[in-house]
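S.K.: One structure follows; several queries about it will come next.
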Amino acid sequence: MSTSFTAFPPKDHDHCACLNTALGRAKARCNEQGIKWTALREQVFLEVATSHKPVSAYDLIDVLAKNGKRVAPVSIYRILDVLQSAGLVHRLESRNAFFACMADHGSAAHTITLVCEDCDRVIEAAAPEALQAIAAAAKAANFMMRHTVVEVSGLCADCAAREAPSC
């Protein structure tokens, strides 16, 4: 399992290859964990992974409905729970939306989520020192952490370059 992460992919990257890699990893991980990989789970995963942007459960319902598949919200949330527990999708807490995990890491990876405010793309970045600092601060305050989420909003390099003044 790799613990290195890349920056935001260029907007013109080969997303088909990226998507196929993620799909192959998703199927393998479900197989390893004894999770049944159904056609609907695959469809939901592919819709989440189609872009590097977060999607809400209701966005997924709308997309599936346009493709002739009517799915109840509770079913979508159950599928997202399964995909989350397998480490295939992550919840973007600040937007109540989900994004595909495109990195090959385990659940113990020390990652933060970077969200571009302009193009909405999301990536995970390795940040063990940041999370260790949070744990140390909690310990110093005699606070027992149960769940840590670090989401950072800003601009990806592509969007920052567009906003930079030209001199």
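Heads up, the Cβ atoms here are built off N, Cα and C, so glycines get one too.
Since we're looking at a predicted model, the values are computed, not measured.
Found this in TrEMBL, in case it helps:
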type: BINDING; residues: H110; note: Fe cation binding site
type: BINDING; residues: C116, C119, C156, C159; note: Zn(2+) binding site
S.K.: Excluding C116, C119, C156, C159, which residues of the same chain place their Cβ within 8 Å of the centroid of the Cβ atoms of the recorded Zn(2+) site?
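M.R.: In sequence order, the nearby non-listed residues are F8, E117, D118, D120, R121, L155, A157, D158, A160.
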S.K.: Counting every protein chain present, what is the number of Cβ atoms, excluding its own, within 10 Å of the Cβ of C119 (Zn(2+) binding site)?
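M.R.: There are 17 of them.
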S.K.: Can you tell me how many other Cβ atoms are located within 10 Å of the Cβ belonging to C159 (Zn(2+) binding site)?
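M.R.: Total other Cβ atoms inside 10 Å, all chains included: 18.
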S.K.: Could you tell me the C-alpha distance between C119 (Zn(2+) binding site) and H110 (Fe cation binding site) in angstrom, no decimals?
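M.R.: On Cα coordinates alone, these residues lie 25 Å apart.
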S.K.: Out of C116, C156, which of these binding-site residues shows the lowest number of other CB atoms within 10 Å of its CB?
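M.R.: Each of the binding-site residues C116, C156 was scored by Cβ atoms within 10 Å; lowest is C116.
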